[in-house]
Amino acid sequence: MFALWYLTFAVDEIRKQDTMVDAAVLAKLEEGYAKLAASDSKSLLKKYLTKEVFDNLKNKVTPTFKSTLLDVIQSGLENHDSGVGIYAPDAEAYTVFADLFDPIIEDYHGGFKKTDKHPASNFGDVATFGNVDPTNEYVISTRVRCGRSMQGYPFNPCLTEAQYKEMEGKVSSTLSGLEGELKGKFYPLTGMEKAVQQQLIDDHFLFKEGDRFLQTANACRYWPSGRGIYHNDAKTFLVWCNEEDHLRIISMQQGGDLGQIYKRLVTAVNEIEKRVPFSHDDRLGFLTFCPTNLGTTIRASVHIKVPKLASNKAKLEEVAAKYNLQVRGTRGEHTEAEGGVYDISNKRRMGLTEFDAVKEMYDGITELIKLEKSL
């Protein structure tokens, strides 16, 4: 009887330790939280991590990978200038730390409430979209990309080096089976020859080790192990393996033929999914490392030259807001437009289908070109 009692007691203790947050982690959380609370940070993390939410979540861990609140908010605690400030260390984090993720998701994704459900994936009729700029006067280049996570693997902070390498092997063999215009070659970052590296830099294909926001989120461990790049022969289709997401799937080309670019992406995603199951949630859609990139995970963008609208920024912003578009400089977030050239993309990724997300960009760009012509 005593032996049975002792065994039960021992199992309970092990379980308790398994779901307990380490004292050093708790101390780091408390210290980081105090500094963030006293800061003038404008991040969504600061906005929604109230003392009550913090106290409610600081002792929780995810069931499978034992991720803590520190894994979720570490980047935002260390970088007070973050826009968002949180990442998901594994898929379960979206549920376990929902008290923090849900309001941030709602804020970023334009009112996607915790009672809302992302619609089923639907790429629609790919033939709907044509060329937004048939005369090549305004659109320099167009790209559509999406992020995907491989089922059964955690996100960056929890991945082991062996898992990184295993995933790279799966991705490489999957992509080598692609045919037609998607046919190409996979280049592992590890042991890459200098000439190949230079060519990929010249093509603007090579991704670098993450910035300080990703570094502090533990997204760059074991670099460059398990990372790689695939591109087709025409250099219009690209896959990044284990950069920020497990997979970034990108279709792009010069000019404004969105229809052709979108069709290529849809074909590729469907082909890859036949061989690699993706991580998907019934409520949030496709899951990735960053809560800004959920649902469809689709970002459709153009580099567009609109010098007249560039001198009337208010009008540009007005049209962008009407179609839920994000306007950035051509070098990405937080950069200025160079020579009246902007990077303009759909902002909404949740609560609508892939087709509708791309259509917002298509309609918005069509309107901007019409406006530029009339000025």
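Quick reminder: no glycine exception, Cβ is built from N, Cα and C everywhere.
Annotated features in TrEMBL:
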DOMAIN    25-110  domain 'Phosphagen kinase N-terminal'
DOMAIN    138-375  domain 'Phosphagen kinase C-terminal'
BINDING   141-145, His204, Arg248, 299-303, 328-333  ATP binding site
Given a 10 Å Cβ-Cβ cut-off, pick out the one of the binding-site residues Arg248, Arg328 that has the most other Cβ atoms nearby.
Arg248
Here are the binding-site residues: Ser141, Ser301. Which has the lowest count of other Cβ atoms within 10 Å?
Ser141
Other than its own, how many Cβ atoms are within 10 Å of the Cβ belonging to Val144 (ATP binding site)?
27
Let's see if you can do this one: DSSP helix, strand and coil counts over the domain 'Phosphagen kinase N-terminal' (25-110), in that order.
51 helix, 0 strand, 35 coil
